[in-house]
Structures are given as C-alpha cells and as structure tokens.
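According to Swiss-Prot, the feature compositional bias 'Acidic residues' maps to 32-42. The disulfide bond feature in Swiss-Prot is assigned to Cys51-Cys57, Cys52-Cys62. Sequence annotations record features per position, and here Swiss-Prot assigns region 'Disordered' to 25-48. The signal peptide annotation in Swiss-Prot covers 1-23.
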Amino acid sequence: MGMRMRMMFTVFLLVVLANTVVSFPSDRDSDGADAEASDEPVEFERDENGCCWNPSCPRPRCTGRR
C-alpha cells in the first residue's frame, strides 16, 4: 500500500503543478496595454478622418481619394 500512496501523491503534485502553470497569467502576446474595444471588425477600421475605405463598409464612406 505504501508504493500506491506514494504514486498517488506524486500524481497529485503533478496535477497541482500543471494547473498552476496553466493558470499563471501570461503577457507574451500583448504589449501590456489595454486596447479599447471596437464594435466594428478590423476590415471596417476607419482612418484618422473617420473614413472607411472598404467597399463593404456598413456606414457611409468618405468620397474622394485617400
């Protein structure tokens, strides 16, 4: 019974360690800044004048040249 208890304890420690590593917050993919959420997808992004240059943009687009 001693060997089985030792194995169960080892498995328990491995599970606890794995959960700790997985749940540890990682900031590798972001620059650490909180970006403001947008309702529009990236393809409908507007330029500094508020113009959407994608032909399928849902709102009125600016006319003229870029």
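Note: Cβ is positioned from N, Cα and C throughout, glycine not excepted.
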### Message
At 10 angstroms around each C-beta, which of the disulfide-bonded residues Cys51, Cys52 has the fewest other C-beta atoms nearby?
### Response
Cys51
### Query
Within 10 Å of the Cβ of Cys57 (disulfide bond), how many other Cβ atoms can be counted across all chains shown?
16
